[in-house]
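Student: Below are the structure tokens for one structure; questions will follow.
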Amino acid sequence: MNDPAATSLNATPTTSPDDAAPLPLSSPVIDALCRRALFVAQTNIGATSPNPSVGAVVADARTGEIIASAATARGGRPHAEVLALREAGDRAKGALIITTLEPCSHFGATPPCSHAIVNAGISHLIYGSLDPDTRVAGRGLAYVAQHGVRASRGTPAFVRDCDWLHLGHSLRVTERRPFVQVKLAVDAAGFVPLGNGKPVFITGDVARAAAHLLRARADAILVGRKTVEADDPELTCRLPGLADRSPVRVVLASRCNVPPAAKLFANERPPVWIVCGDSSEGTAFFGRPGVRVLDIGASLTGRLNLRLAMMRVAAEGTTRLLVEGGPSTARGFIDAGLADEVIIMRGAQTLDPQAGMPPFGDRGLDLVAASPQFTLFDKRKAGADTISIYRSTAHWQN
């Protein structure tokens, strides 16, 4: 990951710092600092739940020279602002701080970040997202303003990117569900491979590495029971250096009838959650180390209510969920309006037509590509393969 601000903020200033005026919000230097805050925040995504991964940058208010930067620590504490201010030390006095989320105002395990900003002598705060919790929204901003700190909302582009970055935190507060990414791999003709008891790889090493990075950036990864039976996946992150970032593994099984000998259960870490509507067939998992059965109750149709399932995993602290199930599971999330981002990894080779099935049922990829519910955010090559990313228009506008 390249730091977009690394080269633009260390140039020699053309005026003496003592003579220069504070940088205006429209300054290219401020823009670069904001992008740096976003970049820093990305480093710990998937490792801070239930707290969001916030980015904070402390810089000279007149020259833009970066003094310190930090992301929310793994596990969610300390917060990014506290870490950045700690690194800045006495140089924080009179400086500018940029944060991707407004600073907190409540006393919890640590004092509020808004108090830390005031105590450090910061002169100007630029923030991106507002806290979605109406009980505390704006209070941190009010506190710093009352104590002489200038507080400014960032540019619309910065706010948009921060809102997307923290969408999982926002949705957990406002809708009691996590941010949901749906990922599917298809062949060149747009078909999903049929499993035969082990995974079928239709993309190359570059695309598979990208898929494992998605796992590292998720709090939990979800599949349906049929995927466990057909592919027997491990659902872990196997990128060098990121093995400890494997997410919680979630299986949807309405009757809790998951094969007890599946590879998922070979290790206690990361844990496995089985979300079911009737746990009577899951006695093999009761008390099993590393396995939890989350019974959300049966629906009238006999199928799991996905919204209730999402509320249940969110209650466990999940803010970012990656869905890697088959076409039926993927379409279920899309039809329920629960898919915030859909990622299609298209391989360069074509499967035997008898060995594949259309994604999303009869509509194929058009269910996403031609839907006003989604907009194409990015399309890129990954070796010989192609990755297309669609974002929900409810939360993103290009």
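Every residue, even glycine, has its Cβ placed from backbone N, Cα and C.
Note that this is a predicted model, so its numbers are computed, not measured.
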Student: Can you match one of Cys34, Cys113 to the Zn(2+) site that TrEMBL gives for His79, Cys104?
Tutor: Cys113
Student: Of Glu281, Glu316, Glu324, Glu341, which does TrEMBL put in the substrate site with Arg215, Leu235, Arg238?
Tutor: Glu324
Student: So, three-state DSSP: helix, strand or coil for Cys113 (Zn(2+) binding site)?
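Tutor: Reduced to three states, the DSSP call for Cys113 (Zn(2+) binding site) is helix.
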Student: Which residues does Gly332 (NADP(+) binding site) neighbour through Cβ under 8 Å, counting only same-chain ones at least six apart?
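Tutor: Once residues fewer than 6 apart are set aside, Gly332 (NADP(+) binding site) is near Leu306.
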Student: So which other residues, same chain and not among His79, Cys104, Cys113, have a Cβ within 8 Å of the centroid of the Cβ atoms at the Zn(2+) site?
Tutor: Val54, Ala80, Glu81, Val82, Pro103, Thr110, Pro112, Ser114, Ala116, Gly140
Student: Considering each pair of residues in Arg215, Leu235, Arg238, Glu324, all listed as binding substrate, report the largest CA to CA distance in Å, no decimals.
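Tutor: Taking every pair of listed residues, the largest Cα separation comes to 16 Å.
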